[in-house]
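Asker: Sharing a structure below in C-alpha cells format, with a few things to ask.
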Amino acid sequence: MANIVAIVGRPNVGKSTLFNRLVQKRQAIVDDVSGVTRDRHYGKTDWNGSDFTVIDTGGYIVGSEDTFETEIRKQVELAIDESNVILFMVDNQVGLTDMDKEVAQLLRKSQKPVLLVVNKVDSNKNLDDTYEFYNLGFEEFYTVSSMTGSGTGELLDEVVKHFDDTEFEDPFEGLPRVAIVGRPNAGKSTLTNALLGEERNIVTDIAGTTRDSIETLYNKFGHEFVLIDTAGMRKKGKVSEDLEFYSVMRAVRAVEECDVCVLMVDATRGIEAQDLNILFLAERNRKGVMILVNKWDLVEKETNTIKEYEAEIKKKIAPFTDVPILFISALTKQRVHKTVETIMQVTENRSRRIKTSKLNELMLPIIEITPPPAIKGKYIKIKYVTQLPTKTPQFAFFANLPQYVKEPYKRFIENQLRKNFDFTGVPIDIYFRQK
Ligand code: GDP
Ligand code: GDP
C-alpha cells in the first residue's frame with residue numbers, strides 16, 4: 001500500500017517549505033507532473049525505510065477563484081480522502097489565528113490521524129510562545145522549523161508509526177499490471193466495461209460518477225493481466241477543477257503501480273498537456289506505454305485521417321515515439337480486441353531479453369560502419385555490448401573512452417536497437433562503460 005501524507009493549513013504557514021524539504025532528494029520521479037497548478041505538489045520520499053508520498057494540498061488550490069475558506073475546506077477534504085496521515089501546520093511567528101481554529105474544526109471529522117505541526121520554531125527560545133496552540137484541542141504538537149529542518153526528524157518518526165505496512169498477499173502476483181489513465185470523460189470506464197463486462201461498473205454521462213480505482217483480473221481469449229481502473233471519483237458534485245485534480249492524483253498513483261500504462265485520449269479533443277504529463281511520468285518510471293485514441297466513431301474520416309492524427313501525436317510525444325497508437329471506439333468495441341493484443345505485446349517487449357551473442361552479432365557491425373565521432377582526435381572503440389539483468393531493458397556498451405560518447409550517438413544506438421528488436425512501447429536505457 002502506498003502511504004500518503006498530506007500537509008494542510010492556512011496560506012503562508014510554511015507548507016510548501018516543508019514539502020520541498022521532504023521530497024527534495026527524490027523529486028526526480030514525479031517532477032513536473034503539474035496537475036492543475038504550475039508547481040510540484042506531489043512527491044515521494046522515505047524515512048527510516050518507509051516510502052511515502054507527500055501532498056502539499058495548498059499548492060493545488062491556490063489560484064482558484066474561491067474564498068480562502070472554500071479553499072481550505074477543499075484542502076482538508078482532499079487530505080481526508082487521499083491521505084493516511086495529515087499534518088496540520090500552524091505558524092508560530094504569527095501565532096494562533098481564527099482560520100487555524102476553523103481548519104482544526106474541519107479536521108475533526110477526519111478518521112485519519114492528524115498531527116499538529118507548529119512551524120517556524122527556528123530556535124529554542126521560540127518554544128515558550130507555542131503554548132497557545134494547545135487551544136486547538138490537540139493533546140500534543142510537534143515544533144519544527146521547515147526552513148532549517150530542525151524537529152522534522154521527530155515529526156517523521158511519529159508519522160511513519162501511523163503507516164499501514166501490512167503486506168497484502170497479492171492474488172495477482174506475477175501478472176502484468178495495466179493502468180488505463182486519461183482525462184475525465186476520455187472513455188476509461190466504457191473501455192473497462194467493454195473488456196470486463198457491463199455489470200461491474202456503471203457508466204453515466206456525467207464525468208466522475210463512477211467509483212474509485214479498482215483492480216480486476218482480465219482473463220479471456222488466452223490473455224491474462226490485471227486491470228487498474230482509475231475512472232473512479234467517489235464524490236459527486238465536485239466542480240470541474242477538483243475533478244481534474246483528483247483524476248491526476250489517481251493517474252499518478254496508477255502509473256506508479258502498473259507495468260503498462262494505457263493512455264486514453266478523446267479523439268474529439270486530441271492529446272492535451274495533462275495527457276503528456278502522465279505519459280512522460282510513465283516513461284521516466286520505465287513503464288510500458290501505449291496510446292488509445294478513443295471515440296474514433298465520432299471522427300469524420302478521410303483517406304489520411306489516421307496517418308495525420310498519428311503524426312500529430314508523435315510530434316507531441318517526441319523524442320520517444322516508438323509507442324503503439326490505436327484508434328478505437330470503446331463504445332462500439334471497434335479494435336478493443338486489438339487493444340488487448342497490444343497490451344500483451346508491450347508487456348512482452350518490456351521483459352524482452354536478448355542474448356549477448358545475438359546482440360554483438362547485430363550491433364557491432366552497425367557500430368563498425370557508423371562509429372561514434374572522434375573527439376579531439378581520439379577514436380572511440382566500442383568492443384562489446386550486453387543487456388543488463390534488469391526488469392526493464394537496459395544495455396551496456398563497453399568502450400575505451402565511454403565518456404566521449406554523446407547524446408546523438410546514444411539516440412542512434414537506441415534507434416538501431418529498436419529497428420532490430422521489438423521494443424515498441426518500452427523505454428530503454430543505454431549506458432556506455434569503460435572496458
Ligand atoms: P505555504 O503557503 O503554507 O506553502 O507557505 P510557504 O512554504 O510558502 O512559506 C511561507 C513563508 O514562510 C515563506 O516566506 C517561507 O520562507 C517562510 N517559512 C517557511 N518555513 C519557515 C520556518 O521554519 N521558519 C521561518 N522563519 N520561516 C519559514
Ligand atoms: P471516463 O470518465 O474516462 O471513465 O469516461 P466514460 O467511460 O465515463 O465515458 C464518458 C462519456 O463518453 C460517456 O458518455 C460514454 O458513453 C462516452 N464514450 C466513451 N467511449 C466512447 C466512444 O468510443 N465513442 C463515443 N461516441 N462515446 C464514447
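Glycine residues also receive a Cβ, built from the backbone N, Cα and C atoms like all the rest.
The GTP 1 binding site feature in TrEMBL is assigned to 9-16, 56-60, 119-122. Here TrEMBL flags 182-189, 229-233, 294-297 as GTP 2 binding site. As annotated by TrEMBL, domain 'EngA-type G' applies to 3-167, 176-351.
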Asker: Over the domain 'EngA-type G' (3-167), what is the model's mean pLDDT?
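Answerer: A mean pLDDT of 82 is what the predicted model shows over the domain 'EngA-type G' (3-167).
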Asker: Can you tell me the CA-to-CA distance separating K188 (GTP 2 binding site) and T57 (GTP 1 binding site), as a whole number of Å?
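Answerer: K188 (GTP 2 binding site) and T57 (GTP 1 binding site) have their Cα atoms 26 Å apart.
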Asker: Between N12, T57, N185, which of the binding-site residues has its C-beta surrounded by the fewest other C-beta atoms within 10 Å?
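Answerer: Each of the binding-site residues N12, T57, N185 was scored; lowest Cβ tally within 10 Å is N12.
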Asker: Could you state the whole-number distance in Å separating the C-alpha atoms of G9 (GTP 1 binding site) and G182 (GTP 2 binding site)?
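Answerer: Distance (Cα to Cα, whole Å): 30 Å.
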Asker: Consider only the binding-site residues G9, V121, N185, K188, W296: which of them have a Cβ under 6 Å from an atom of ligand 2? Write none if no residue does.
Answerer: N185, K188
Asker: Using only C-alpha positions, which one of G182, N185, W296 is spatially nearest V121 (GTP 1 binding site)? These are the binding-site residues in the record.
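Answerer: Answer for the nearest of the binding-site residues: G182.
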Asker: Filter the candidate list N12, T57, V121, N185, K188, W296 of binding-site residues, keeping only entries whose CB is under 6 Å from an atom of ligand 1.
Answerer: N12
